[in-house]
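Engineer: Copied straight from TrEMBL:
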- 42-61: transmembrane segment (TRANSMEM)
- 67-83: transmembrane segment (TRANSMEM)
- 98-197: domain 'P-type ATPase A' (DOMAIN)
- 214-236: transmembrane segment (TRANSMEM)
- 248-273: transmembrane segment (TRANSMEM)
- 589-607: transmembrane segment (TRANSMEM)
- 613-632: transmembrane segment (TRANSMEM)
- 653-674: transmembrane segment (TRANSMEM)
- 680-700: transmembrane segment (TRANSMEM)
- 712-734: transmembrane segment (TRANSMEM)
- 746-767: transmembrane segment (TRANSMEM)
């Protein structure tokens, strides 16, 4: 930032009210989160909805509104998506409001506390420890220690003097200063990064893409098939216009797996609700599935593997001072020092502060790497050993190096032997070492071990020093030599050979995610800072921490509201449950779709009329598909996801649909060759009985291996079908006229039921063996 040409604001008065009114503000209208308009557009204007709305329009023309019940599925599916996304948006907006920052500005000679979006260009902002910097600018007075880890990934504080540049997204750890705002709103450094995040992205989903492929395929088939069916019905069979429209719509609706669409939406919504109870916000429904398919998980060190804080793990005396005496000195020093960095907070937690009179305080500075307190009788200095002791002791240096290899930060406490200068470097007496470590998350080893056992590779990516990252990673259970990304030429090779990376820039994080995806991996990434935004946007599944920046939470597909990293296995299991159960039940829906396609072709080229009435198909689909699939989809099923969704479900659906079509052809042949002269009622009744038994056989195959719940489900569905076939009132309702059948027609049905069961079971066993063989290969 070039500040030479910038006019410095009046240091005593700040901006006037008129200057504030005419200056550019820090408010940004366009946020990276979805607007309500975009949410509605995405869930309403889809191919699935368009097809069904067109069919509903045709039904409206006939005046038979009861035949529009299929629109309930369409509306339900859209509502689920809209409600889930609106819920996520509201939750994020509430979080943003709760965490809204305020700033102290100098205006008209008075200090005002205002929301950060009311800051304007050239405002004078007063900074102190703990303040978030929300605009770009430069220091006009004072000095501060800035933490820019959310921007760069490096956790070390940076000393800023008068004239130095400050960037939005960083925060003050120590010191007091006054800065002048230069770039606000969309002109800030953070916003330039967020421009990448604002690009709309469609997260990958094999489940969604497979369902869309089925709908596209059905669309290609159903329009010509529908036109031909209508033409045959109206012109050749000479049915009325309304009857022709309704029969055509009935056949076309049967080709669309609308039940699969809404069942998938319900299953994902229930999964999102279960995760919400664990304080996990799901912003993209299908990301639950994506995480279940992930084979590479990229983690940041700070805030992910560690809790983001530090803790004192011990004190080692280097002199006659006992550990208790050293603790007392530290208590008094940090009772006087006002530093608010992670190290100071850790020491205060370890040594409760004690306030005593002091003569002089020299606060911590990243340039001098130390701080000092002079009491009435003596003074003490604490900091990095080489920055406070002129004549280093080789044995102490070796100790410090050994601790550093273990990922332990070491501060040296010295007794001042001479007058303390601003640099703090002198011939001081080292009296103790204070050992400090990053706080590992609870159960981090168990969690990472779980992912390893599930076949998920772990990559640790951090902006910190490679040796520090390696030590922390090894404690967490990731055994790999760390690579300094400043020395890497070939990212692809480095990713294949290593799992821990230090000194990684935001651009390199993004390039590493893209390289992993190019290698064929499904990648998930966690992040909390603005420096993670570009990489999170490229990841197949992005996970943000609730305490992270608003930018990461807005673009992430999942937000861990309470930073509970331990929730990731639950998310993985929830995704597996959804995929496995939908994959299990999808074949039931596709049997109906393939059956409708096949029967439409048979009607065009062989049969005189469509073999089923809509109410008969409703009975079969309700008992053999709808109710069972809903129950099976909610079952716990956390086995590892295997096989391609589309290939698997079609392979399982084909045998059932093929057998039902054979049954229909068989009835036709029985009619023609047996000279039965079947009426339409007899023909449709026989087809319904055989198709129903066939569909229940498919349900039995899907329920294997049997559990108590599945066994009960099968018994109930079979019993319900039998009851509907033998109770007169239900026979009449579902148009199953057993009384219309002759004894030889009933015998034909009874003989074919065990044949159907044997054929369906045999074909399904053959398909299962083929699928298992393909998975092994």
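Any Cβ shown, glycine's included, is placed from N, Cα and C.
What TrEMBL says about a protein is an automatic prediction, not a curated fact.
Neighbours and distances for these, please.
Structural biologist: Nonlocal intrachain contacts for the transmembrane segment (42-61), taken as residues 6+ away from its ends with a CB within less than 8 angstroms of a stretch CB, comprise 34, 67-68, 70-71, 73-74, 77-78, 81-82, 85, 212, 215-216, 219, 222, 245-246, 248-249, 252-253, 256, 258, 261.
Counting only same-chain residues 6+ beyond the ends of the transmembrane segment (67-83), those with a CB under 8 A from a CB of the stretch are 39-40, 42-44, 48-49, 52-53, 55-56, 59-60, 246, 249-250, 253, 258-259, 261-262, 265-266, 269, 285, 614.
Below 8 angstroms of C-beta separation, residues 48, 51-52, 55, 58-59, 67, 70, 73-74, 76-77, 80-81, 83-84, 207, 211, 214-215, 218, 221-222, 225-226, 229-230, 233, 282, 285-286, 288-289, 574-575, 577-578, 581-582, 585-586, 589-590, 592-593, 595-597, 599-600, 603, 610, 614, 617, 621, 625-626, 629-630, 633-634 of the same chain, each at least six residues beyond the ends of the transmembrane segment (248-273), sit close to that stretch.
Note on the transmembrane segment (589-607): residues 214, 218, 221, 225, 228-229, 232, 251, 254-257, 259-260, 263, 617, 620-621, 625, 629, 649-650, 653-654, 656-657, 660-661, 664-665, 668, 691, 695, 698 of its chain, located 6 or more positions outside it, place their CB under 8 angstroms from a CB of the stretch.
Tertiary neighbourhood of the transmembrane segment (613-632): same-chain residues 67, 250, 254, 259, 263, 266, 581, 584-585, 588-589, 591-592, 684, 688, 691-692, 695-696, 698-699, 702-703, 709-710, 713, 717, 720-721, 724, 733-736, selected by CB-CB distance under 8 Å and a gap of 6+ residues from either end.
Residues 586-588, 590-591, 593-595, 598-599, 602, 606-607, 611, 683, 686-687, 690-691, 694-695, 697-698, 701, 744, 748, 752, 756, 759-760, 763-764, 766-767 of the same chain lie 6+ residues outside the transmembrane segment (653-674) yet bring a C-beta within less than 8 angstroms of a C-beta in it.
Only residues 6 or more beyond the boundaries of the transmembrane segment (680-700), in the same chain, are considered here, and those with a CB under 8 A from a CB of the stretch are 587-588, 591, 595, 609, 611-613, 616, 619-621, 623-625, 628, 655-656, 659-660, 663-664, 666-668, 671, 714, 717-718, 721, 725, 734-738, 740-741, 745, 748-749, 752-753, 756-757, 760-761, 764.
Residues 651-652, 654-656, 658-659, 662-663, 666-667, 670, 686, 689-690, 693-694, 697-698, 700-701, 738 of the same chain lie 6 or more positions beyond the ends of the transmembrane segment (746-767) yet place their CB under 8 Å from a CB of it.
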Engineer: Averaging the per-residue pLDDT over the domain 'P-type ATPase A' (98-197), what integer do you get?
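Structural biologist: Within the domain 'P-type ATPase A' (98-197), the model's average pLDDT equals 84.
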Engineer: What else in the chain is close to the transmembrane segment (214-236), if you only count residues 6 or more beyond its ends and a Cβ gap under 8 Å?
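Structural biologist: Sequence-remote neighbours of the transmembrane segment (214-236) are 47-48, 51, 243-245, 247-248, 251-252, 255-257, 260-261, 590, 593, 597, 600-601, 603-604, 610, 646.
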Engineer: Of the residues in the domain 'P-type ATPase A' (98-197), how many are helix, strand and coil by DSSP?
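Structural biologist: Split into helix, strand and coil, the domain 'P-type ATPase A' (98-197) gives 20 helix, 49 strand, 31 coil.
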